[in-house]
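I have placed the structure first, in the form of structure tokens, so that the comments after it can refer back to it.
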């Protein structure tokens, strides 16, 4: 009774239930409960069933299958008891007050319809074990049916816009509210939201509605979106989802944030004169507003402006949908994959013996041009050639993705904030901000590449980006290459692309090397072409470019070149001042040679790989996501969930390209100590310190459990507090194609237990396929006796499942002998055998076995270091390799030199050198043995030779040479023996 006493009523109705039960086994109930919970987790958790099963070890998987099959048997043949309940007529004060009647209300009629539809199954329910989980599951199912009936009843009276106001919102109402609970329930359901009658887990709810909260509830709901009922009322009235922050009950306003004193709220909704609802009535329900009172709203814009918290399951989807860089990287990767999979076999392979011309083609401010051509009617008055135009998400602190050349003439650049760009414009000039049109960007890019293929004048088309390509044309030996021919080709290409993209212009750089084609492209912009070959290079050409116009020259390299060569202003100045040796000394050998060749108009070997072996250069080598906006976590649990979602997203992409990964990398951006908690850019990253950590997985894999667990472990090794985290990147490196031989390195140990066919057939149908697939993945075959590894069928690869002593298996002769004994003696013998067996199974037997293993280990260690079968390379001293003979030699050496003025200096150096070699090969224990030997000899001869100079010399050698050597290498000795010591005489 105690387990069901706290159940929450779904519709404030009275439940009468009676339990007819026998006394069940408590342990059995607990085990069944745990299996049910794990089954529920596998079905409805954050991971799918396959991911859940893959995280289990072999033994855990078998135990889970056996318990689940046993639970399923018990549920199909109940013995513990049954629960019978009946639902009375629904009537409450709030229902009459808000809707004007009991059974005529839409919710009451919905419940009655559900009861009538379920009346035929009452006999089945009486004979079923009714658990707490089943009760809440049926409640949730009944709620879903009730809400669907309500929506179907008024679907013709609700506009498509207002029916999506609360899309993706899961709302729970806490306590008394005005309007009432049922009225708010109607508003939520009829306008696209989901209503929760009970709060089983706060993770499932997005908003909590309450009129007032006590202190305890305020603390409990401090990290959740708790709003007043006016938020629902005003959102329905405005026909759009209003910011919940304006209606928050728990959040405290920032000191710098102004309070909204003049915020207009609505306490009630204007209702029709008739509130009773009949099937034939034309009036709308109390949760609906007349259509003419609803202001039109663009749902696309509403969704675009919706901000999703980083702990929301839809955060990654929302983030990538609005990320320009994500679209760029995805399109670029798709272009390269398409080139490798479809077009590479169609192109001519280029060699170093071919004569070719490079056409480097690039759009002029691609995003700004496409956004202008596809602009809405509200921007129809702007002129692309006269007005400064930028493409961005919003205003103020939004980053500028692209700008036209008019805006660039005022100093505006890509990546600049809109507010900063507006300050650079003179008075009277207004900056025009156009939104992203990702679909049009992709269409224009596809038209660009299809036009290049249709021209059929190139032997190779290499995709660099969605708006940039390198095209190669091989010149036959019998055709003379002229600038006139190349100029005609450039004009033809530009004209065809302009027509194919409906108004987008491109610039072309034409040359006989990649680096010169790139520089010529820079000179040709905007909307032009330039033809420059190695044979006609001039000082005027080199004077047109800055140092960072060369490929591979960034900010760091630029500063080194300026400091080394007296701040050259152009490439022509650098060509006059540099020498190859000075260049290599400044920026390194490899980069120095690359810059040297570029200044001669030539390509280095690494750059030429894209022409000679494009498959190797363009194939995907890594897969990653990088989130640096909206990252605000409260605890480690949220971070773990976010990492799991990121890994799941990357694994889906990894499986799409049919690859596995053998190395993963986690990169973090942690807020700087002196940086503000909230940066100027809303939900931005601000000033951060970057950290990264990589891990090798051993063998390539695409298992979620392995990768997600390792990623979370990497996060803990970096030690970043969740509240200080501002950016997070997950990366899969060393991608490998999935093949049949990938599992050759996997080692599968046999199960300690087995699953019988009977137990397997008793499993629930919804998980039987997943478990069977998991067994197939682990290379196990189902046999009549159970599940065993097919690796056991091979004697060469067989493993000993358990080590059985001979005495554990009674022979037939022993049984016959026991049967011939008298009854009393036979009983005594059996009793003694049982005692002996118990002794063997006690801790005493384990202790004796442990002592025996330790002695064997010490003997193996001795043989390992000093025996004839030692794996170490022998270290000689005086042409002796056996340590025992070396000890005898040292002992004799000490004894003979004590009374003779001590050892010779060169002999001491040779001896110390021998000791150092022992330490370097991790044989410090041998050095310790020699030091003890010398110390022991000195102690024995102290009475006779303590006044001799030889005795003092050996003491000095021991104190100044041998003991310090031991202390410097004591960590090796401590690591093996777990000791903490200092060596002293």
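Positions of Cβ are set from backbone N, Cα and C atoms, glycine also.
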Candidates 362, 364, 566, the one Swiss-Prot lists with 467, 468 as binding Mg(2+) 1: 362
Which one of these stretches, 308-318, 319-329, 330-340, 341-351, shows up in Swiss-Prot as region 'Interaction with target DNA'? 319-329
DSSP-wise, what's the residue breakdown of the region 'Interaction with target DNA' (554-557) into helix, strand and coil? 3 helix, 0 strand, 1 coil
Other same-chain positions with a Cβ less than 8 Å from the region 'Interaction with target DNA' (319-329) and lying at least 6 residues past its termini are 304, 308, 367, 393, 401, 436, 438, 441-442, 465-466, 627, 629-630
When you measure from the Cβ of residue 362 (Mg(2+) 2 binding site), which residues in the chain that are at least 6 apart have a Cβ under 8 Å away? 467, 468, 506, 507, 521, 525
For the domain 'BRCT' (161-249), what does DSSP give as the number of helix, strand and coil residues? 35 helix, 13 strand, 41 coil
Sort out for me which one of 365, 406 has the most neighbouring CB atoms within 10 A, since those are the binding-site residues we care about. 365
Take the region 'Interaction with target DNA' (554-557) and average the pLDDT across it for me. 88
Pairwise Cα distance for residue 404 (dCTP binding site)/residue 694 (site 'Interaction with target DNA') [Å, integer]: 41
Neighbourhood of residue 363 (dCTP binding site) by C-beta distance under 8 A, where only residues 6 or more apart in the same chain count: 369, 448, 467, 468, 504, 505, 506
Rounded Cα distance in angstrom between residue 402 (dCTP binding site) and residue 692 (site 'Interaction with target DNA') is 30
CB-centroid shell, 8 A cutoff, Mg(2+) 1 site 362, 467, 468, site residues removed: 361, 363, 366, 464, 465, 466, 469, 506
With an 8 Å cut-off on Cβ-Cβ distance and a minimum sequence separation of at least 6, pull the same-chain contacts of residue 692 (site 'Interaction with target DNA'), or say none. 665, 666, 667, 668
